[in-house]
Structures are given as C-alpha cells and as structure tokens.
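Record features, source Swiss-Prot:
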type	residues	note
REGION	1-25	region 'Disordered'
TOPO_DOM	1-108	topological domain 'Lumenal'
TRANSMEM	109-129	transmembrane segment
TRANSMEM	131-151	transmembrane segment
TOPO_DOM	152-166	topological domain 'Lumenal'
TRANSMEM	167-187	transmembrane segment
TOPO_DOM	188-195	topological domain 'Cytoplasmic'
TRANSMEM	196-216	transmembrane segment
TRANSMEM	219-239	transmembrane segment
TOPO_DOM	240-245	topological domain 'Cytoplasmic'
TRANSMEM	246-266	transmembrane segment
TOPO_DOM	267-310	topological domain 'Lumenal'
TRANSMEM	311-331	transmembrane segment
TOPO_DOM	332-343	topological domain 'Cytoplasmic'
TRANSMEM	344-364	transmembrane segment
TOPO_DOM	365-370	topological domain 'Lumenal'
TRANSMEM	371-391	transmembrane segment
TOPO_DOM	392-397	topological domain 'Cytoplasmic'
TRANSMEM	398-418	transmembrane segment
TOPO_DOM	419-603	topological domain 'Lumenal'
CARBOHYD	Asn443	N-linked glycosylation site
Amino acid sequence: MVTHRRKGGSGPPQKPPPRIVDRSSFDADKKKIKVEKLYHKANNPDNDWPFSFGSVFKMLLSIRISGAIWGIINDCDEVYNYWEPLHLFLYGEGFQTWEYSPVYAIRSYFYIYLHYIPASLFANLFGDTKIVVFTLIRLTIGLFCLLGEYYAFDAICKKINIATGRFFILFSIFSSGMFLASTAFVPSSFCMAITFYILGAYLNENWTAGIFCVAFSTMVGWPFSAVLGLPIVADMLLLKGLRIRFILTSLVIGLCIGGVQVITDSHYFGKTVLAPLNIFLYNVVSGPGPSLYGEEPLSFYIKNLFNNWNIVIFAAPFGFPLSLAYFTKVWMSQDRNVALYQRFAPIILLAVTTAAWLLIFGSQAHKEERFLFPIYPFIAFFAALALDATNRLCLKKLGMDNILSILFILCFAILSASRTYSIHNNYGSHVEIYRSLNAELTNRTNFKNFHDPIRVCVGKEWHRFPSSFFIPQTVSDGKKVEMRFIQSEFRGLLPKPFLKSDKLVEVTRHIPTEMNNLNQEEISRYVDLDSCDYVVDVDMPQSDREPDFRKMEDNWKPVDSLPFIDVSKSTGFHGLLRAFYVPFLSAKHNVMTTCTLYRKSNL
C-alpha cells in the first residue's frame, strides 16, 4: 500500500485536503466560460440573468391552457379537414371534404392518426363528453408547441445570448397570434410548432434532429415547409462540409417517414397515395389551385402581421442589420476571415429563410392568415435580436436599456391582450353558442316531438361550425343528433357526411358522389328548413336565400343569444377598434348583433 508522507520525514500519512468545490462542477463551469456566443468572446462570458425552467414553463403553460379553452376557431378548413376526420376516427361519423375523396387524396390520414393516438385515450376516459375531449386535444397540441418554444429559447440562450432568449420567449408568450396558432389543429400550426424545434436544433448544431424535424414537417405537415430547412441544408452542405452525412441522414429519415406515411394513407384510401406530392401538384402544377377560394392583396398579410404581432413586427425587420452591426463591433479587432463570419451565418441563413417565405406566399393570389404561422418563431427571434442589439449599441450607454426594454415588452403585451380579448369578445360566441346547444341537448329530457334523428341546421354560418365534437351523439331517449346545411348566399361546395359503416376503411375508401375540386355548388347538400329542430344563426337582415329568424317568432324561438360583431358596420378608425379592444371606444364604434340558437316553437 502506497502512502503519502512529508518530504524528508517519516510522520503519519497526510489526509487529502477537504474538497470545498466539486471538481466536476468546477470543470463544467470552466468549459462553460470557454463557450463563445454570438457577441461574447471566451474571456467575456454572458453573465446576464436567465429565466428559470420553472418560470418559463409556468408562463407558457398558463397561456397555452387559456388558448385551448378560450381560443376561437377562425378557419373552416381546420374544422372540416381536420376535426371532422378525427371525429370520424373516434366516433364513426363526421363531414367529408373533396380533399379526402380517394379521387383526389390531397390530405393525409397519417396526420389525423397522429392526433388520434392521444385523442382515443381522452375519448376512453371521458366517454361521450366530447367537448372535454376536444379541449384536451387542443391542449395536447399546445403542449407540443410549448416544448418546442422552450427548446428554441434554451438554444438561443446558449448560442446567441441570454437577453435575446429572454426577449424571444416573452414575445412568444404574449403574442396574440401565438395564442390562437399554438392550439390550432391545422398543418400550418403543426409546422409552426416544429419550426421551434428546427430553430433549436439548428442553433445547437444537432443536425440529425434538425433534418428529422424538417422532413417530418414537410411530409406529414405541409410540403411547402421544406423552405424552413434552408439554413440546415446550406450550413451542412456549404459551410460545414457535411455533404455525405446530410445526404445519408436525409435519405434514411425521408424513407422512414415517407414509408410509414405512404403505408398509412394507402391503407385508408385504398390505393397508393403520397399526400404531400398530391397537394403540391394541386397547388402548383396541375390542379385548379387555391385561388378558387378567394384572392387578397399584399396588404392582407401586412394587416394580419400587425394585428397578431403589433409593435414587434416593426422591430423584426431590423433584427438582422442591428445584430450584424453589433457583431462587427464586437469582433472587429479580430482578423476578418471567413471563419469569423461563419459565426454569423445562422443569422444570415435564418433571415434569408424568413424573407423567402414571405416572398413565396406574398406573391400568391390566395392568402390566408395560417400561411404565415410557420414563420412566427422567426418573427419572435428577429424582434428579440433587434431589441437586444439596440440595447447593446446605444441604450446601455445612455443607461436606458432596462427601462425601454420593459416599456417595449409591456406595450407589446398590452396590445396583444387587447387583440386577444377583442377576438374573443367579437367572435367567441360562435363557439359558446354550440356549448349552449350541447347543454340543451344533454339536459333536456323530453324529445317526443322532435325528428329522429334530431336535426341541427346552419345556413350562412356553416363556416363557423366548431365541429361535431360540440354535437352529442345521442340524447336522453336514445335519438341520434345530426347537423345539416340549409341554403344561404354561399354558392360554393359544402362538405357532406362520410359514408356510414361499422368499418372505418370502408368509409375512407368509399368514393363519394357529388364531389368536385372546382368549388362548384352541389344542391344536394341542403335540407329543407322544415326538417330542422334547431337552427344556429347570426342575426342579420333577410336576403333572398337567408331568412331573418328574429322575424319568424311563430315558427322559431330563441333558446340562447350571445353578442356577435357586425363587421360591415364596425369600421371605426379603419377597423382598428374592431381589431383591438379599446375600453369605451370599441363599445362606442363597433356594432354588435347576436349569434342565436333557435328551436322550433312547437317543441
């Protein structure tokens, strides 16, 4: 046995000195100091104060829960192309759009099936309480987005700096656009959530995860989101020289995801289907294209971005130049070689990607709010860069960085809250009225004089139907409940009920009649008003094909009535008082009508 003795002595063995600091912890801290961030050299560590995981998670969770419960559904595509097929998977019935006809097959059942996995668990736990199942699915979507937000936030703190990460997560938390998009059941929202993961993986140089996220977003979500993989592709191929790794990883991941998707979709459609290719061909190459569903000027996106991001949208365009200015200032003493500017490459590539997305979708005639969802993470990121770089370039010298940053975020949060409340106040009743319908059908005990099945009808408000999750399967006496359409001024193609069958694949493989991809009206979709037991309508003056139920008191009586904005008469201050809630002024200048649930008077 070897002992340690004093040099030149024969005394007792020396004990090692007490360990005050754990060596592994010290080594980890040492390594941490050596990490260079965007603006921080090795000898100048980023000692800014960070948000803790707990505080970020709690803030995000509270907002995403609120969005799942109170966020409206502002896109009929979400209902009829996603909620209704999911309802079919869970309860055996729902509405079918032409996109799910095996003739066209431009939607993916694999995407629906991913949501069916947690949804089936909720349905088993809560039985026929379908609104609870609906809310829990939205919350699950929100949680998936939440984890991506935190992953991106953590990567920004590690690779850019803590202040930028802090601003980024605050913008993401308070954004009214994120409030709605984070719990929406549409592929563009799915791609938006994955963009957070892409951003985090890219900054962390986790190439395999980044490629997987881009591939999954592109193939399962929306094929156009392949654009979001531009930074990873350019960095790996042009800057890092990882060509073989990129090609092999992309092939393996693409074949795995594509294989599972093709097998799943082909099973449900009854023929070989690659849905991402079909939707690309329809929109870009051979199909009639989305312009059948309306065209908007470029100002549509400008207004939309302002409504959803208010003052942040003015800061975001300056994120790249201001960040570049401060980066150059910090590193100007170094040799300006290619390696130095490669450190700034992620900012350049992310800026190019954002600009490319805006250019592609801004140039399309058909524009929708959800088309911008996938770049929401980049908007928050570049606005955070702009605010942080402004502080570093000039405000710190004036001693005003903290004050102005707090004021900026406070102003953003107030405007976002104003926008979110305005949306709920003006349009929220189209969901709440169906909660009233659900309560009416669930609590009522006498349905003797009702039709069998009991029929709920909608006319001009067909596009605001929140899905069959709000319609009970049966009532107390066992009668089924169904929703149908009555004629309105709308002249396009409405969805039709899926085929009724005990076997799901028989339903999904069935080729429905009276379907087309030209948005041409099919009269067979309509039922006679006399066959309806309930009607949900927004009360407006009568037109040729739209009755005013308020004046039909002998036949229809209101069960519940909730305020709903009359957009055509609420144009004060160019619609700003409709877009944002301003105490007293919004109530003064906006004109409200009512969204009403009517029941036949003799029932």
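Cβ from N, Cα, C; glycine included.
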DSSP helix/strand/coil residue counts for the topological domain 'Lumenal' (152-166):
13 helix, 0 strand, 2 coil
CB neighbours of the residue listed as 'N-linked glycosylation site' within 10 A?
9
Helix, strand, coil: count each for the residues of the topological domain 'Cytoplasmic' (392-397), based on DSSP.
6 helix, 0 strand, 0 coil
Take a look at 109-129, 131-151, 311-331, 371-391 and tell me which one has the most Cβ pairs under 8 Å to the transmembrane segment (246-266).
109-129
Using DSSP, break the topological domain 'Cytoplasmic' (188-195) down into helix, strand and coil residues and give each count.
8 helix, 0 strand, 0 coil
Outside the transmembrane segment (131-151), at least 6 residues beyond either end, the same-chain residues with a Cβ under 8 Å of its Cβ set are 53, 56-57, 60-61, 64-65, 67-69, 71, 83, 86, 90, 115, 118-119, 122-123, 169, 172, 182-185, 189-190, 192-197, 200-201, 377, 435, 438, 467, 469-470
Taking DSSP helix as H, G and I and strand as E and B, the topological domain 'Cytoplasmic' (240-245) has 3 helix, 0 strand, 3 coil
Average pLDDT across the topological domain 'Lumenal' (365-370)?
92
Under a criterion of three or more Cβ pairs within a distance under 8 Å and sequence separation of at least 6, are the transmembrane segment (219-239) and the transmembrane segment (398-418) in contact?
no
